[in-house]
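Listed features, source Swiss-Prot:
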COMPBIAS  33-53  compositional bias 'Basic and acidic residues'
CARBOHYD  Asn160  N-linked glycosylation site
CARBOHYD  Asn216  N-linked glycosylation site
REGION    30-53  region 'Disordered'
SIGNAL    1-31  signal peptide
Amino acid sequence: MAARAPELARSLLAALLAPALVALLVSPASGRGGRDHGDWDVDRRLPPLPPREDGPRVARFVTHVSDWGSLATISTIKEVRGWPFADIISISDGPPGEGTGEPYMYLSPLQQAVSDLQENPEATLTMSLAQTVYCRNHGFDPQSPLCVHIMMSGTVTKVNKTEEDYARDSLFVRHPEMKHWPSSHNWFFAKLKISRIWVLDYFGGPKVVTPEEYFNVTLQ
């Protein structure tokens, strides 16, 4: 009987921990990026995708519904200096329904991307509807052009004091966890000053969109 005691103890512990483990696995993160499409749209449904022939509007749509993107920089790491180097960056172009098209970021000098940007501020930001329910609901693979994604190149710049409050409000409404990140990391607000945009939303190659076309769009 004594030999079975450890076995019984392990079984009891497993039974007690199982519900907690399941809850952790199925519960979404409290931040917007941990859900199918966020905390701020109550019904969690995407608005309709703009007509695919309207590249500028599609680009603005993708930017506005994206919570994060892949930011590619030119690496300053000794072993891969001069090579492309990408990292995931949380973004926001404005409060829900009020997107400006400017992709704001909250960055720290401790991030490798920031070290790269200090030497060369040119970067490319990629955003995809794969982060929403759109592609999943339609059965589109993330690499498929039908799973709309955009690439925008430009220069990452620190926002000025006038723009800082808007950048803060835009980011914190979508990423509330940011408010509690350690101040010792010297966070600052930045944005991508866009020079060129590519929209991949159908077969046959990307549409090229200029910044003027992009910012002339009024979101409905």
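Placed from the backbone N, Cα and C atoms, the Cβ positions cover glycine too.
Reduced to three states, the DSSP call for Asn216 (N-linked glycosylation site) is coil. A distance of 23 Å separates the Cα atom of Asn216 (N-linked glycosylation site) from that of Asn160 (N-linked glycosylation site).
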